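Colleague: Here it is, the structure, as structure tokens.
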Amino acid sequence: MNESGRVEAFSDGVFAIAITLLILDIKVPKADGPGGLWHALGAQWPSYAAYVVSFLVIGIMWVNHHQVFSYVARVDRALMFLNLLVLMVVAAVPWPTAMLAEYLREDRASHVAAAVYSLVMVAMALAFQALWWHLTRTGHLFDPRVDAPAARATRIRFALGSLGYPLTVGLAFVSAPLTLAAHGLLALYYGFNQVPVPTREAAAPS
């Protein structure tokens, strides 16, 4: 296994653990009778909503992480530390997810929980952006397929896409459910608009 393969394998393990931990916060409700169980299941909708959104966030982050590292031929010390920074935030996602699910239906507490959740998402976006900027700074870590100057030119586009995350911190003090929905939409945006890794084959005229 090459250097980048070891980093990616370790990262896959962290992503897998973080995404699995999300379901552990959805508890089996206690209720008397079938009707009571349906009511108890419905009352847990904040946990379901928070689980789905955070699953999308981590899952799509993993897809983009895999997309980027499939073009990385070698790693340096800075890249390893930046990748650890990304993983540190990913591993933290179950915590604000559980907090937001717990307080989503409350008034003032829901705003604080949504703001904390949004701040974690901001940290994740900044960490991944720092990793991408380091990779594209010189391009020497990419394999020969990558058009390094073209990859470097995507940094502004990538940064513009991250501007939505700080806005959700302000939205958190307006509506916690809307904040959660906004993070779901941002995750879907990055799901359909993956991190661009321009290759020489794609740039070559047909």
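The backbone N, Cα and C atoms fix where each Cβ goes, and this holds for glycine too.
As annotated by Swiss-Prot, region 'Short helix H2' applies to 36-42. According to Swiss-Prot, the motif 'RxxxFSD motif' annotation covers 6-12, on the basis of similarity to another entry. As annotated by Swiss-Prot, site 'Hydrophobic filter residue 1' applies to Ile17. For Leu24, the entry in Swiss-Prot reads site 'Hydrophobic filter residue 3'. The feature topological domain 'Extracellular' is assigned by Swiss-Prot to 26-44, 103-110. Annotation comment: Swiss-Prot describes 71-76, 136-147, 193-206 as topological domain 'Cytoplasmic', evidence class similarity to another entry.
I'd like to know what surrounds each of these features in this structure.
Modeller: Sequence-remote contacts of a segment are chain residues at least 6 beyond its ends whose Cβ falls under 8 Å from one of its Cβ atoms, and for the region 'Short helix H2' (36-42) they are 29-30.
Sequence-remote contacts of a segment are chain residues at least 6 beyond its ends whose Cβ falls under 8 Å from one of its Cβ atoms, and for the motif 'RxxxFSD motif' (6-12) they are 62, 65-66, 69, 72, 75, 79-80, 83, 86-87.
The DSSP secondary structure for Ile17 (site 'Hydrophobic filter residue 1') is helix. Around Ile17 (site 'Hydrophobic filter residue 1'), a 10 Å sphere centred on its CB holds 12 further CB atoms from the protein chains shown.
Other C-beta atoms found within 10 angstroms of the C-beta of Leu24 (site 'Hydrophobic filter residue 3') number 10, with every protein chain shown included. In the three-state DSSP assignment, the secondary structure recorded for Leu24 (site 'Hydrophobic filter residue 3') is helix.
For the topological domain 'Cytoplasmic' (71-76), the list of distant contacts is 2-4, 7, 135, 140-146, 197, 199: same-chain residues at least six beyond its ends, Cβ to Cβ under 8 Å.
Secondary structure of the topological domain 'Extracellular' (103-110) per DSSP (helix as H, G, I; strand as E, B; remaining residues coil): 4 helix, 0 strand, 4 coil.
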Colleague: Taking only the residues in the topological domain 'Cytoplasmic' (193-206), give me the average pLDDT of this model.
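Modeller: Reported value for the topological domain 'Cytoplasmic' (193-206) is a mean pLDDT of 60.
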Colleague: For the topological domain 'Extracellular' (103-110), what are the same-chain contacts with Cβ under 8 Å, counting residues 6+ beyond its ends?
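Modeller: 46, 49-50, 176-177, 180.
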Colleague: Given Ile17 (site 'Hydrophobic filter residue 1') and Leu24 (site 'Hydrophobic filter residue 3'), what distance in Å do their CA atoms have, once rounded to a whole number?
Modeller: 11
